[in-house]
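Visitor: What TrEMBL lists as substrate binding site is D107, G157, Y311. What TrEMBL records for H149 is active site, proton acceptor. The feature divalent metal cation binding site is assigned by TrEMBL to D184, H186, D272. The annotation region 'Disordered' is assigned in TrEMBL to 385-424. According to TrEMBL, the feature compositional bias 'Acidic residues' maps to 396-409.
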Amino acid sequence: METGGNSLPSGPDGVKRKVLYFYDPEVGNYYYGQGHPMKPHRIRMTHALLAHYGLLQHMQVHKPVPARDRDLCRFHADDYVNFLHNVTPETQQDQLRQLKRFNVGEDCPVFDGLFSFCQTYAGGSIGGAVKLNHGFCDIAINWAGGLHHAKKCEASGFCYVNDIVLAILELLKQHQRVLYVDIDIHHGDGVEEAFYTTDRVMTVSFHKFGDYFPGTGDIRDIGYSKGKYYSLNVPLDDGIDDESYHYLFKPIISKVMEVFRPGAVVLQCGADSLSGDRLGCFNLSIKGHAECVKFMRSFNVPLLLLGGGGYTIRNVARCWCYETGVALGVEVDDKMPQHEYYEYFGPDYNLHVSPSNMENKNSRQLLLEIRNKLLDNLSKLEHAPSVQFQEREPDTELPEADEDQDDGDERWNSDSDMDIDEDRKLIIPSRVKREVIEPETRDPVCSMEVQIETIEQTRDLILQPMK
């Protein structure tokens, strides 16, 4: 299969890929608050498993450069970014009107270091896109990213900044077409909305549908204007298992790759679609979830792997550790090595967990109807041209502070899973950076009409056809 952009050499799926992994040791310190299901600590647990399984020595490990205000404003409204930059737990009571306006408060609380957290996870996703654009890796991984619900000027579903949209915008500088695939149990509404009217980004979301957050993602939502048929929604019911999931995933994605021919792929690997998730209701095994990663990897197209949801954190860490191994082409043992979070994984201390015996409410007839409908939608698209478009240098330069890390032979010491070698450490303030960019004057009411208008203005500027 030919693709636009820097496609990888064809060959068997077992061929090793050059993998680059983003991790900031501070990310596990952020805390949404008591009782909140989103726990960034799961990223640190994942990293500990990667270290003790010896996976870090097989890939480049980078500390992300924090996203700047202007990076975030490539998608998000200036006044929204300015609000996130300045709000603190101590000052939030003085900003009740803005809290309501930007949907910050309950699901998306204000916590210590909020903006620094946003800078970190967005920086990893943008950095992954930049590295892919420059051909420095075949697969980039940022398990702290994948926060797919954030809107242009609104937090939503535990998400403040939409790092996925920002990464896709970066990839579009180098690739004529970018595919976004979402296997989180929740609909990837923020990403779909951002690219709903363009044919340069195809979004495919597999999610629980029906009386479930965020309530969007109907199979009839297919995109609009030039983007018609470039949004695919796969609505699923409770209890879907590995076999049923891949009955849809593999033929749909195969057809998407054939027809759309993306130059790069972004895969959001939300782990709340696993069996036994605190907020989920699917019944996927870790191997079944990871099969999606393996399948996307097999197309030999530059791939950005991101995290997302996942609220039974011991299973999130298990899943993303195993999927890192899949990206590397390294099989990891089921028996877990001793490490600092070992007691989380009792009583069996295995990497894999068995699915439950919950009822699968997705009948074969329902799955067949969904599959046929979506394949029919894809048949209405013109095949993307197979000739490669003319490549050009990406606009975003690599930060100078990162240049020391470009030597693929250098690795972190796998015995030191939390510390960064001082010679390689990037200086990142632990508190919110106080570089404030004055927002442009905007209408204070960020209604859906304003969102659509501003998104389309941004899209007209950024998503113009490549020459």
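Backbone N, Cα and C atoms are what each Cβ position is placed from, and that goes for glycine too.
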Visitor: Which are the residues of the chain, D184, H186, D272 excluded, whose CB is within 8 A of where the CB atoms of the divalent metal cation site average out, their centroid?
Guide: I185, H207, K208, G270, S273, L279, G280, G308, G309, G310
Visitor: Taking the Cα atoms as reference points, how far is D272 (divalent metal cation binding site) from Y311 (substrate binding site) in Å?
Guide: 6
Visitor: Rounded to the nearest angstrom, how far is the Cα of H186 (divalent metal cation binding site) from the Cα of Y311 (substrate binding site)?
Guide: 13
Visitor: Taking 10 A as the limit, how many CB atoms besides its own sit near the CB of D272 (divalent metal cation binding site)?
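Guide: Other Cβ atoms within 10 Å of D272 (divalent metal cation binding site): 23.
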Visitor: Would you say which of the binding-site residues D107, D184 has the most Cβ atoms within 10 Å of its own Cβ?
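Guide: In terms of Cβ crowding, the pick is D184.
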Visitor: Take the C-alpha atoms of H149 (active site, proton acceptor) and D184 (divalent metal cation binding site) and report the distance between them in angstrom, rounded.
Guide: 11
Visitor: Grab the substrate binding residues from the record (D107, G157, Y311) and give me their largest CA-CA distance in Å.
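Guide: Comparing all Cα pairs, the maximum is 14 Å.
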Visitor: Starting from the Cβ of Y311 (substrate binding site), draw a 10 Å sphere and report how many other Cβ atoms land inside it.
Guide: 20
Visitor: Which residues of the same chain, at least 6 positions away in sequence, have a Cβ lying under 8 Å from the Cβ of G157 (substrate binding site)?
Guide: D107, C108, H149, H186, F213, P214
Visitor: Using the centroid of the Cβ atoms of D107, G157, Y311 as reference, list every other same-chain residue with Cβ within 8 Å of it (recorded substrate site), in sequence order.
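Guide: Checked against the 8 Å cutoff, the neighbours are P37, M38, H149, F158, C159, F213, L279, G309.
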